[in-house]
């Protein structure tokens, strides 16, 4: 995956001189008294695969629809390629969208569906035919060209919808839950295909999804949204490893949270006193004032069994195994520690389950390293 | 502070509003609402030997002197003459009884169709709607041949030995009941069916699971939940039947005088336009309450739908 | 809940018999030779022949069909506009009044509509001189007024079922609103427009009371001829006419049903 590495290494959002392709400037959308999107600003660069991630009702779809021109912001501006398109209606925007329901026109064949957008642009008939052929080829649906949408399977419909939205060669493609209507197995294959397609065409993709796994595998960057606001924008790795707030930490994967306050700072590390009893020493990315209330966040797979438990050790906990969830590749252990809190630990099942060391009610000691978690201040 | 909407979208929306709301509103205002004002005006006039046959409500007598004559004669006549009152009461009676009969026959039918196997439903429903599409007048007419003294019903009953002499059914109140139920049954069944098919069958399964016997489950679950359909169907039958003309005219007799028929004869036979207008106003006043009730219910149902 | 369905099914069968026996009898006796409708003397199609030679009735039928066709077309246009208003413009000032005005003609007794429209036409003639006489135009206007409400109900149901994202997709692909309506919305609600047209057509063809009020001396519609003939007593010609109407309507409804089923599958 050299291309992937190359793309990652580019990371235009790190370059202060880069000009964003899509700029969302303090956009707000109100429905009655409800803020669906609340003062959101974003910059998305050419060639990105950008995901808006959040639970339903967080405003991600409304934001996408505003980019398409299907809703108009109550306040704020939207710029595409430097042009203010806030007031431009959907039919005049250089943007196309793939709908969650696919919205294939039921009274038209696959071919006519793909051709629809080209016809609106009054493209000459011959050119139109060529472009349609090219699109059907690209998505490998040429043999379906005469079929009607109701004669297609879910996966085929998705391809037709994609072909239709790509036919006009948009610079920016919006995808509303592009894989939401597919079953699990099909979804996994399609994820990779979608990424390949995007890399090949060099089009900027903005997708909306509630599925964190989907967002993690496909995106260059993810914006996590909640209650109409953006909580964090970052690469999938950063979102997972270094969440900046509890909400993001809890939304993606599972995580152990220990509340406490800063009692000492040592270089770029802080010592945190928590309710669990033992002090924790963690790496901090910015200086912290003594006494600040913080939360130490450590993911279950960063926990490991502790060989030498010491009474004065840091980042060590002792407890009793209460639950074991066997998932095949890994097992999740829920361990009741000192003050009654439950801590989750994931261990890879290197040995067959029957030969594993840990069992219910067993006393265990666990530990983690200062660099395998984050300290959250909010 | 909502920002001003973009101009293209605003223009389109304004245009769409103007066309879609404006044109039908204008038509209905001109040809449905305005006429009522004129009816009200003429109900306060007096009949006259003129063209048109009523007096004007206002007149410019002199420079700057406007004479308005409001004549309550028509309403007084209706209030004092037993004929009109009994016709109004009889209309209400026919409407109430026929609504109940339609409900009694229509509810089980709607229920049976709604619970029939899916592939049968459309056909069964189509069979309910089909007669509604054929001429109403001719369908009422069919009953004359059936109900008259030497008609098919009497012939059949005599042939079966159930009666010796023909029953007098035609030109009685009974004939009106039969004709109304026959003509208005589809109006009862359709809203009931629409309501009953929306009912989640798992509700009944849940009731059964909780130990409710079928009859009780029907009374405690299905019936209350289909109340909206019952009210809608009942109003669709009740309101037009109160003013029905064709059925009492063709099937009814002298004792089954209804207000619609009375209005017709005041207008066409007696040429008393003001009195006919007064009757129309009274009829309208009578129907406002059930109509508003129906409308309220409809809006509530729309509101509750996702 | 399989058990004890037979009382319900018996009632259903009785209901259907109640609805259909009178029509069947009409059809059977239209082939009766005797003038006395209820005495069967032999098979004959002579009443059909006589019907076809009845000039007055044929003229009335032709007038009725013309009125019904114009009425249905106008009613579909107005009813569709009204349905658009109700489905697409969720909140506008006067919406309640609009809905009230649109529902009222569905239940309003015919005598009231007929009388009030006649009085309107008379008043208009007095003040602005239009309509000059009463006949085709006035009957058509009266019929449109109540049948557009029926069309609105049918089209509204279809329109509110329609997936809005289809129109949004068309707009996203570059189609302007009017084009979206013509290329996406209209084809998708076409079955409803068709059945609405058919409904308006039959409602008009069927109306006696309203037409009687607003018709002038020279314009007699089919129901008016049937009515005066029925008042004279039972007539085998009417039976023949009934048979023809039932046959035409059944055919139309069956075709409409098939089209609508296809439309549903397409959706």
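Placement of Cβ uses the backbone N, Cα and C atoms for every residue, glycine included.
Sequence annotations record features per position, and here TrEMBL assigns domain 'ABC transmembrane type-1' to B:88-294.
Annotation comment: TrEMBL describes B:21-44 (among others) as transmembrane segment. Counting only same-chain residues 6+ beyond the ends of the transmembrane segment (B:21-44), those with a CB under 8 A from a CB of the stretch are 54, 57, 70-72, 74-75, 273-274, 277-278, 280-281, 284.
Remote same-chain partners of the transmembrane segment (B:83-110), defined as residues 6 or more beyond its termini with a Cβ less than 8 Å from a stretch Cβ, comprise 77, 128, 173, 176-177, 180-181, 184-185, 187-189, 192-193, 196, 229-230, 233-234, 237-238, 241-244, 248, 256-262, 279, 282-283, 286. As annotated by TrEMBL, transmembrane segment applies to B:83-110 (among others).
With a cut-off of 8 Å between Cβ atoms, the residues of this chain six or more beyond the transmembrane segment (B:122-144) that come close are 109, 113, 116, 151, 170, 175, 178-179, 182-183, 185-186, 189-190, 193, 246-247, 250-251. For B:122-144 (among others), the entry in TrEMBL reads transmembrane segment.
What TrEMBL records for B:175-196 (among others) is transmembrane segment. Panel annotation: around the transmembrane segment (B:175-196), residues 94, 97-99, 101-103, 105-107, 109-111, 113-115, 125, 128-129, 131-132, 136, 139-140, 143, 147, 169, 222, 225-226, 228-230, 232-234, 236-237, 240-241, 244, 247-248, 250-253, 256, 258 of the same chain, lying at least six beyond its termini, place a Cβ under 8 Å from a Cβ of the stretch.
Residues annotated as transmembrane segment in TrEMBL: B:217-242 (among others).
According to TrEMBL, the feature transmembrane segment maps to B:273-293 (among others).
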